[in-house]
Structures are given as structure tokens and as C-alpha cells.
Amino acid sequence: MGTRAARAGGPRRGAENPARKRLALGARQQTHSCSPRTQSTRLTAPAEPAPDVARLAMAPDPVAAETPVQGPTPRYFTWDEVAQRSGCEERWLVIDRKVYNISEFTRRHPGGSRVISHYAGQDATDPFVAFHINKGLVKKYMNSLLIGELSPEQPSFEPTKNKELTDEFRELRATVERMGLMKANHVFFLLYLLHILLLDGAAWLTLWIFGTSFLPFLLCAVLLSAVQVQAGWLQHDFGHLSVFSTSKWNHLLHHFVIGHLKGGPASWWNHLHFQHHAKPNCFRKDPDINMHPFFFALGKILSVELGKQKKKYMPYNHQHKYFFLIGPPALMPLYFQWYIFYFVIQRKKWVDLAWMITFYIRFFLTYVPLLGLKAFLGLFFLVRFLESNWFVWVSQMNHIPMHIDHDRNMDWVSTQLQATCNVHKSAFNDWFSGHLNFQIEHHLFPTMPRHNYHKVAPLVQSLCAKHGIEYQSKPLLSAFADIIRSLKESGQLWLDAYLHQ
């Protein structure tokens, strides 16, 4: 899954004399008898041979010179061996039946250490394909992590995964790529950016032309909140590498939109959002449900589990009521607004901090001359309040009412479908949600440009119908209501388990 694996030096393939072969055979036998941690270290960083052995290995060997060049014998592993390497000390994963040791690489993984670690001990073929736009280049950098492959008698999937569904989804993805649905229309995204800039300009002109009385002030705040939300949807596109064919330009525009237009750090968004896509609604792997259990009891399974454990951090049976107080209104102005600065400073993300500062300087110089410092601060936090309400309702409507559980290592399609639902297509819904009303298609194809979601939706529906998987799509207001309904239901489940178990 990584894009910048270090090119660790390893033994070259080529002719070997008999002495060196005996040395290699002895080293392999010794490796099998060592502890798992030592085994991992020796597989990824072979030790230097002793000086006398090195000289012997470099001596000319007429027999070896006449022998055809052969590569090293591949090492074979079982799924049980891979599954055992999922802890903190040692982490392996499988991509296209190849086994990779990512124990040391996780800290250098460009997408973050956690997102790749969530697949430790598992097959990661489909998420690898889903998240990377230049898979051939990435695989070259992964060669230094390769330690072997699955034994020929081993299936390509773990027993917990639906082989037929996975095979057909991979055929669907190949069809989607042939149809050109993974290619972006740059005019669409240019016009989208221009409409954000026009809204930004209209907000300032409202105060400059009509003055700073209550109604112009309120209209300015509404326009600026639309700017912030729509810029949030646009940075989401660049963050998913769905606009340009190279990562470089996507990353640059991502920094501009989230940093300069919104005042947020790209690294923080990457750190959280890729985990969400890798394991949606999986407790302790999806940070979007981290409010369980300290603020909310989420999902039927986790709520009952919490009740049986006699844990009560909040009055969960009333969570559908206090959601209106600590959910939509508070997330951005009381939490995100301050945490992002802690994040970039604590992790020394100075480039992100520089981009963020340009937003606050521009916003300050634009509105303080018109409003004064006190009214400027009022405008800023009113905008964050309105943005927070908009963002939370849209981002939670596709996930909170869905299945929430621990990671069960299911196949890619089942993992995404059980955790996501859609909202009906309309011009307003598409704009209001940044096309994230097509949440199912977005989760199955996270690098797909959003203007193609509606084109692939019928193909996804056919796949779901064939395999008996529910494809949920609902009206916008029903989706909002389902958030409250699911919170009320899970709160009651917690209470019943808490009182009667």
C-alpha cells in the first residue's frame, strides 16, 4: 500500500559458487529457528557476510559461469502465518498473493502509519488498488518489503471473504477503467473552484456595498459558510487523488484548497480520512466513530457490548437529544478549530502550518478593516458554527445509521456496503453534499472523480442485486432523520443491556 518504500539493499540475483550457496542455505535454516521478531529483521535486512566469505564469493568460479542464472527460491507462507503478524512488533500483509513485511515501513508510509497497519495480518489487494493511482510505480518501491508469497495450496482470500463477490467486483473495476470513468474532467473541477471563489468574493462585496448591519452581516456569514463547506468538498477530491493523473499536482492543489481556502492541514485530513476509508465503521480503526463510547453509544453490537460491560460515560438513552448540542454545532468551533494547530505543531508539519497561516492572514486583512476586531471574531466563529452544522449532518447521514462493529476482516465490497448508504441524486443534493450522496460508489472507488459516480451507480446496483446485498438510497431529509433514529435505537439497546444483563 505504500508509495515510497525505502530501497533497502539486498543480495543481488545472479550466479553463485557452491560455497556461497552453502552459506545461504545455512542462513535460511538458521532463520527458521529464530524468534518471529528476529526472523522479520533478517528477512528485510540481510546481514553482511564475513570478510573471508565475501572474498570467496567474489572469486571466479568456472562452473558457476557456465550455469544458467537462477533467482533465489521464493519463500512460502500460509494465511495462518500471515495472520499472526498483525501486532505491534511484527506486521505482514498480502497483495496479489505476495507477502510483505511492513513492520519498519509503517512509520514511513506516505498515507500514514495507521491506515496501512489496519490491514496487518490480512489481504490488502483491493484497498491497495483502490487507494493508489500509479500502482506500477508503487510496486517497484515495495520490492524491498517483499519476503515471499502464499503457498500454492493456499487460497487467494481468507475464509472470511466472499471470493465470488470479490472476483466479480474486480471485473467490474476493470470495466470501469475501460469505460474511462476513473479519468477526471478538469473543466468540471475548474468551474467548481471558480464558483467557490465567486461565493468568497460575494461575501466580501455584501459587507462593502450594503454595510455591516445585521442582515448584510448574516448574509455574509451564510455565504462564507458555503465557501468553507464547498472548499471542504473540493479538497476532498484532491486529497483522494481523483483530479489529476499524478500525485504531485493533486497534493499541491490539496494544500492550496484545504490550507489557504479553509485554514486546515492536509496531513491531518490524510491521517484521519484514509483510515475511515480503509475500515469504515470499524471500532478502533475508523476515527470517524471515535466518539464511541465517551460521547455516544454507536451501533447495535457495540451498544449492547457496552451495556453488558456496565460502562456509562454519558446518559446514552438520551443521546438522540444531546446530539443536537454536542454534535453538529460544536465539532468545528469547539474541537477541530483548535486541535488542528496542536496536530501540526506536535507532528512538526511546518508546510501545512505555513499554508494555514496564509488563510488566517487573508481572512484577517479582508474583514477587520470592514468590521473591526470584535465583529470580525464574531463573524469567524459564526461561519465555523454554520459550517459545522452543515458538515456534520452530511458526513454522518451515510454512516451512523449503518452497521458498526469491530473489524471482521471481510472482503472490500462487503466492508464498504455494510457501512455506507446513498442519498437520492438531484442537482441540489449533489451540490449540497459535494456528490457524497453517492457514498457507496465513492467508497468502492475512492479515486474516481465525483462527476462519474452516477454513471457507475447502475453497475454497482446490479452487482449488489446479484449477490443479495442491500443497496440503500434514501431522500435527504430521511437520511438526516435516520441519524437521530439510529442514535435513539442504540441508546435504548445500551440501556436494556445495562439494566438486565
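Placed from the backbone N, Cα and C atoms, the Cβ positions cover glycine too.
Listed features, source TrEMBL:
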{"type": "COMPBIAS", "residues": "28-43", "note": "compositional bias 'Polar residues'"}
{"type": "DOMAIN", "residues": "74-151", "note": "domain 'Cytochrome b5 heme-binding'"}
{"type": "REGION", "residues": "1-49", "note": "region 'Disordered'"}
{"type": "TRANSMEM", "residues": "187-208", "note": "transmembrane segment"}
{"type": "TRANSMEM", "residues": "322-345", "note": "transmembrane segment"}
{"type": "TRANSMEM", "residues": "357-383", "note": "transmembrane segment"}
Close approaches to the transmembrane segment (187-208) from elsewhere in its chain (Cβ under 8 angstroms; 6 or more beyond its ends): 216-217, 219-220, 223-224, 226-227, 230-231, 234, 237, 243, 257, 261, 366-367, 370-371, 449, 451
Which bits of the chain, at least 6 residues beyond where the transmembrane segment (357-383) starts or stops, bring a Cβ under 8 A of a Cβ in it? 204, 207-208, 212, 217, 220-221, 224-225, 228, 259-263, 333
Averaged over the whole of the domain 'Cytochrome b5 heme-binding' (74-151), what is the pLDDT? 93
Which numbers of helix, strand and coil residues does DSSP report for the domain 'Cytochrome b5 heme-binding' (74-151)? 32 helix, 18 strand, 28 coil
